[in-house]
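To start, the structure itself, in structure tokens.
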Amino acid sequence: AWYVPCLASLETLQELCRKENLTCKSIGITNRSLKSYEVEYLCDYKVEEGKGYYLVKWKGWPESSNTWEPQKHLNCPLLLQNFLRDKNEYLSRGREGKAFKVRNHVKALKPAIADYIVKKAKQRIALQRWKEELNRKKNHKAMILVENTVDLEGPPLDFYYINEYKPAPGINVLNGITTGCECADCPAEKCCPKEAGFILAYNKHKKLKIQPGLPIYECNSYCRCGPDCPNRIVQKGTPYSLCIFRTNNGRGWGVKTLQKIKTNSFVMEYVGEVITSEEAERRGQLYDNQGNTYLFDLDYDSDEFTVDAARYGNVSHFVNHSCDPNLQVFNVFIDNLDLRLPRIALFSTRTIKAGEELTFDYQMKGSIDLSSDSAEGLSPSKKRIRTVCKCGAVCCRGYLN
């Protein structure tokens with residue numbers, strides 16, 4: 001047997017069942033719940049004969065089933081609070097002088113306000129579903145939150161959350177490593193970093209102690225050490241709860257930390273689709289025309305491969321550029337020792353306060369020399385449309401690339 005995934009939401013399927021008077025246990029529509037009513041959101045408000053009524057969208061029912069209900073019938077304080085907040089937010093932006101107008105002796109909200117309230121309610125539901133999806137797919141314990149208090153933008157339509165590299169056909173991101181360290185207590189004389197000719201990257205507090213440009217060699221799946229080994233940091237995923245939020249200065253989505261992050265701490269990996277540099281050149285021209293920048297050259301040893309996080313990625317997809325960033329790029333090797341295919345880890349360059357936006361320099365490479373003249377950065381081509389930088393830093397260079 002084979003199956004085709006359904007692209008409709010659960011509520012849409014429930015609406016179809018109720019409209020056709022059908023039951024389906026797998027989506028929660030039984031004979032008992034077929035006629036059940038739960039408020040999904042509030043659409044409008046009017047005052048008629050001195051009594052206030054709210055227009056209710058019922059969860060799992062089509063909009064044609066919306067009904068006007070007095071407040072005493074509604075047991076949904078949070079939805080009422082959201083309704084009033086959205087109305088006041090619209091009015092505070094100066095779009096309307098007055099909230100109500102009289103029609104046929106009925107005092108009703110102006111259509112533009114009601115339309116805005118409905119759009120905000122639908123956006124809130126869509127962002128909540130997206131947040132739940134992100135947290136189902138992530139492979140770390142920390143939470144991912146989503147927030148938009150700026151505009152009506154909903155979740156990106158063409159973005160798929162992944163936890164690790166997605167190789168394009170013909171690219172192998174695992175080189176079949178079959179050996180690991182024999183340490184009973186890492187780091188020892190023959191631990192993974194020393195076998196590769198480098199020092200251990202972390203101190204006893206599990207904070208980074210090496211300079212930019214030096215690689216990180218972590219213990220791998222064949223090492224004898226356990227999960228509490230001090231040389232297993234990046235592979236455990238981000239330890240911090242993060243929030244994807246809508247910026248208020250035209251930079252689209254951004255990411256802020258919900259917890260304090262100490263200096264030299266691992267924050268997240270940059271993952272995406274691994275493609276050849278030739279394919280990156282082709283895609284880069286398209287992205288530049290759209291004003292997007294998602295290509296990250298894997299140039300630790302050569303310029304053969306690039307990570308493209310435009311469609312496939314994790315939270316790092318939404319991290320914005322800054323010419324004065326609080327994150328630094330490092331190349332990491334764990335279960336793949338191919339120098340052409342390092343994993344990209346982002347570490348804090350200073351203490352980052354809870355609520356502060358996370359940023360990294362799109363021209364930053366995993367090297368000591370980070371000058372704009374020498375760094376080609378995320379874009380494999382030097383002849384590209386230049387994207388204006390909006391980071392606002394004192395030292396802003398003016399362009400992302």
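Glycine is no exception: its Cβ is also placed from the backbone N, Cα and C atoms.
Here's what TrEMBL has on this protein:
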- 37-95: domain 'Chromo' (DOMAIN)
- Cys181, Cys192, Cys219, Cys223: Zn(2+) 2 binding site (BINDING)
- Cys181, Cys183, Cys186, Cys191: Zn(2+) 1 binding site (BINDING)
- Cys186, Cys219, Cys225, Cys229: Zn(2+) 3 binding site (BINDING)
- 240-363: domain 'SET' (DOMAIN)
- Arg251, Gly252, Trp253, Asn320, His321, Tyr362, Lys390: S-adenosyl-L-methionine binding site (BINDING)
- Cys323, Cys389, Cys391, Cys396: Zn(2+) 4 binding site (BINDING)
- 385-401: domain 'Post-SET' (DOMAIN)
Q) Which residue, of the binding-site residues Cys186, Cys191, Cys223, Cys391, Cys396, has its CB surrounded by the fewest other CB atoms within 10 A? A) Cys396
**Q.** Under 8 Å by Cβ from Cys219 (Zn(2+) 2 binding site), same chain, sequence gap 6 or more
**A.** Gly180, Cys181, Cys183, Cys186, Cys191, Cys192, Cys225, Cys229, Asn231, Arg232, Ile334
**Q.** Additional residues surrounding Zn(2+) 2, by Cβ distance to the Cys181, Cys192, Cys219, Cys223 centre under 8 Å
**A.** Gly180, Cys183, Cys186, Cys191, Glu218, Asn220, Tyr222, Arg224, Cys225, Cys229, Asn231
Q: Pop the Cα-Cα gap between Asn320 (S-adenosyl-L-methionine binding site) and Cys389 (Zn(2+) 4 binding site) into the table, whole Å please.
A: 10
Q. Which of the binding-site residues listed here (Cys223, Cys323, Cys391, Cys396) have a Cα atom within 10 Å of the Cα of Tyr362 (S-adenosyl-L-methionine binding site)?
A. Cys323
Q. Taking just the CA atoms, what is the gap between Cys391 (Zn(2+) 4 binding site) and Trp253 (S-adenosyl-L-methionine binding site) in Å?
A. 13
Q: Report the nearest neighbour of Cys223 (Zn(2+) 2 binding site) in space among the binding-site residues Gly252, His321, Lys390, comparing Cα positions.
A: His321
Q: Sort out the sequence-distant neighbours of Trp253 (S-adenosyl-L-methionine binding site) for me: same chain, 6+ apart, CB within less than 8 Å of its CB, listed by position.
A: Pro156, Ile244, Phe245, Arg246, Thr247, Phe318
Q.
What whole-number Å value do you get for the CA-CA distance of Cys323 (Zn(2+) 4 binding site) and Lys390 (S-adenosyl-L-methionine binding site)?
A. 10
Q) Taking just the CA atoms, what is the gap between Gly252 (S-adenosyl-L-methionine binding site) and Cys396 (Zn(2+) 4 binding site) in Å? A) 18
Q: Can you grab the distance from Arg251 (S-adenosyl-L-methionine binding site) over to Cys396 (Zn(2+) 4 binding site)? Cα atoms, rounded to a whole Å.
A: 15
Q. Can you name the residues of this chain that are 6 or more positions from His321 (S-adenosyl-L-methionine binding site) yet have a C-beta less than 8 Å from its C-beta?
A. Thr293, Thr359, Phe360, Asp361, Tyr362, Cys389, Cys391, Leu400
Q | Greatest C-beta neighbour count within 10 angstroms, which of the binding-site residues Cys183, Cys192, Cys323, Cys389 | A | Cys192
